[in-house]
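K.L.:
Before I ask anything, let me first share the structure, which is written out below as structure tokens.
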Amino acid sequence: MSDEATIAAPSPAPPAPTGPPPKVTNRGRTAAPAASANSETSDIPEYEYFIQPGPRGYPPLTEYLDISEVDMMKRPDESNKIAHHTALYHSDYLIVRRGQEFQVKITFSRPYKPAEDKFALEFVIGSSPQFSKGTYVPVFPTKQRQTTWEGRITNTSDNVVTMAITPAANCIVGKYQMYVAVVTPYGIRRTRKESTRDMYILFNPWVAEDAVFLDDETERQECVMTEMGIIYHGSYDDIAERDWNYGQFNYGILDSCLYIMDRAEMPITNRGDPIKIVRVASAMLNSRDDEGVLVGNWSGDYTYGVAPTSWTGSTDILLTYNSSKMPVCYAQCWVYAAVFNTFLRCLGIPSRVVTNYYSAHDNDGNLKTDIIMDENGKIDRNRTRDSIWNYHCWNECYMSRPDLPPGFGGWQVVDATPQETSDGMYRCGPASVQAIKHGQICFPFDAAFVFAEINSDVVFHSRRKDGTLEPVRVNRTHVGRLVLTKSPGDVTRRDITDQYKFAEGSTEERTVLEKAEEYGCKREKSSPPAADVDVVLPNLEISVGDNFELNVEFENKSDERRTVDAYISGSVVYYTGVASTEFLFLTPRVVIEPKMNKKEVAIVESKKYMKRLVEQANLHFIVTGKIRETGLIITAMKVVTLRNPKLIIEVSGRGKVSEEMIATVEFTNPFSFNLENVYIRMEGPGMMEPKSRYYRLVIGGSSLTWTEYFTPQRAGTSRVIATLDCPALRQVQGQASVTINP
């Protein structure tokens, strides 16, 4: 065989690998693995010698100062938890806030002698503690030797030393282990690892040096300490309220919040920065790309989980995620916002839930919500891609923004509802509210998207036969009509629209829109001529199951007769503005005399919409039309939220801490048909853990009564809230205020 043949001969294939693939590590890339789990801890040796062992081994350290007991002073009635505003946390551990002094008591084997004895407290977080990364922090009692955390002795009595520690105002937030280490001539002797000495350090909005400092005690009490919230929904001209138990102090919630960051594999070293934490949490609260907390579902089919309208609070959701390690089913925007609010308040970041009425979901970022009509003025639902949510809930959290120019700190928008991707993941924010108001949408993160949600123009296009679009009507005031949040310290609502935008039509507003255009947002420049006929839809208060009349009023403002070829459409819609089913379609020709009004009456029968209702019971009416004499288009839109029956809740008992009370829920089925697979949920902050009850059938016209016993844990005013949910009827709720005496 020739050399050439030898060279060309194919070599045999290497043997196929067997067994599992090797675990990929960071060996060779970094000296030590990156710590990204607060739940993982390191083993700190009890004895750490300075010298090499002699012939008889290491010298004993037992004859030197020894530690016999460490008191973390962690009871709710002790000074640490009271001063740090953490007494409400249901936890057996010490919980303090950074940048603020706390105390521990150390009992030694003999009286402490400052001139001879040397000791330190060591605080450790994560699996590979390092002083340079802030994950290992020694704290010394003498002024001569201090680290990033300050230490001082406040009292000495016999063998007991009380030491005060002040964590740095920018230290890592999470769960630490604490050791007491005594220095001897031969080495260090420290306490054994014990979970009773674990402690949590949180953000501190009471300290000016902390990035989340909020200089308003009323706001702090509301946005950090308040457990019971009100979330606004419904529609702009028919606002509804939903009670929610954030439960940020409930047992296990703090650990669940830390687990969310562990699940995201967020580096421990980043967990002192609120900007990074809220950015990670915004992605982790939804399950779209990272197996996060909640699965979104807007379909109306919730067979394999809990309907979004059924939840009463965040506790069940977060505890289930922590225990199962699986996303929880199901959520919509207010559930994402409510659970995110719990996460933020639990860690000490001031936050609130905000509702934006007529919130644009602008798919292409052009500051336009495009509605396509045919040449006759009828809406083409197949070609209309953008949607306007009746309302959308997101969060605001309070923090400084050192990454932005001065003036853009304060309230920041964060949104966990998966709408569009940001840097490759479904998340949104933090976006400065001030930047949004002033059109500075180039600033991170996602300011342009939020700006479009509250500033989009609604543009009606007429689609010609050749496929081209012509703008025929522009509504510049429909989107972002009203922005609400709960008033601090009260159960009323607070209008914060002016924090997001200047008054419609003002000089400032035009300047802001021009500024936004400089950063790439495209607006509709055309101004189609206004029609001389107006169409008005009435405000209606209708209960589920009612027949009603829809009076459509046409007003001719001209001096000539006008003929309108109108389209009156009624659809069942999700609150996201997406149509489910059309149940009404009329095409009247309306003739209106000069300077006159004309009413067109549409009869709506309950049997037409009842079987098609989705959970929020929204009916969406759109009237469009073309004026024959001028060829101009007229439009009007109205969302009607049907009123649901209510749950009646009665609470009885003496109303004292640790004394049993009774909560009774009553419901009457107002319909002629039966309700099947009915779930009722009930809970109350500081009084009652989440409870639920299942009823297979509630016969039409019949009533049910559910009684639960509970024992209040603390004094104050609270509420018991309950929801009823079944496939045929969603969003039924009730609440009762309760005052508990000490």
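For all residues, glycine too, the Cβ spot is worked out from N, Cα and C.
Whatever TrEMBL says is automated annotation, not expert-curated.
Relevant sequence annotations retrieved from TrEMBL are reproduced here:
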type: COMPBIAS; residues: 1-10; note: compositional bias 'Low complexity'
type: REGION; residues: 1-44; note: region 'Disordered'
type: COMPBIAS; residues: 11-23; note: compositional bias 'Pro residues'
type: DOMAIN; residues: 325-418; note: domain 'Transglutaminase-like'
type: ACT_SITE; residues: CYS333; note: active site
type: ACT_SITE; residues: HIS392; note: active site
type: ACT_SITE; residues: ASP415; note: active site
type: BINDING; residues: ASN455, ASP457, GLU504, GLU509; note: Ca(2+) binding site
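Tell me about the setting of these features in this model.
P.N.:
For the domain 'Transglutaminase-like' (325-418), DSSP puts the residue distribution at 15 helix, 41 strand, 38 coil.
The C-beta environment of CYS333 (active site), restricted to residues of the same chain at least 6 apart in sequence and closer than 8 Å, consists of TRP389, HIS392, CYS393, TRP394, THR417.
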K.L.:
Enumerate same-chain residues with a sequence separation of six or more from ASP415 (active site) and a Cβ-Cβ distance below 8 A; give 'none' if the list is empty.
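P.N.:
Long-range Cβ contacts: SER282, TYR336, ALA337, TRP394, ASN395, ARG427, CYS428, GLY429, VAL450.
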K.L.:
If you count Cβ atoms within 10 Å of each one, which of the binding-site residues ASP457, GLU504, GLU509 comes out on top?
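P.N.:
Top count of Cβ atoms within 10 Å goes to ASP457.
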K.L.:
Using CB atoms and a 10 A radius, I'd like the single residue among the recorded positions HIS392, ASN455 with the highest neighbour count.
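P.N.:
Top count of Cβ atoms within 10 Å goes to HIS392.
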K.L.:
Looking only at the domain 'Transglutaminase-like' (325-418), what is the model's average confidence as pLDDT?
P.N.:
89
K.L.:
Neighbourhood of the Ca(2+) site (ASN455, ASP457, GLU504, GLU509): other residues with Cβ within 8 Å of the Cβ centroid, in order?
P.N.:
ARG476, THR477, VAL479, GLY480, LYS501, LEU513
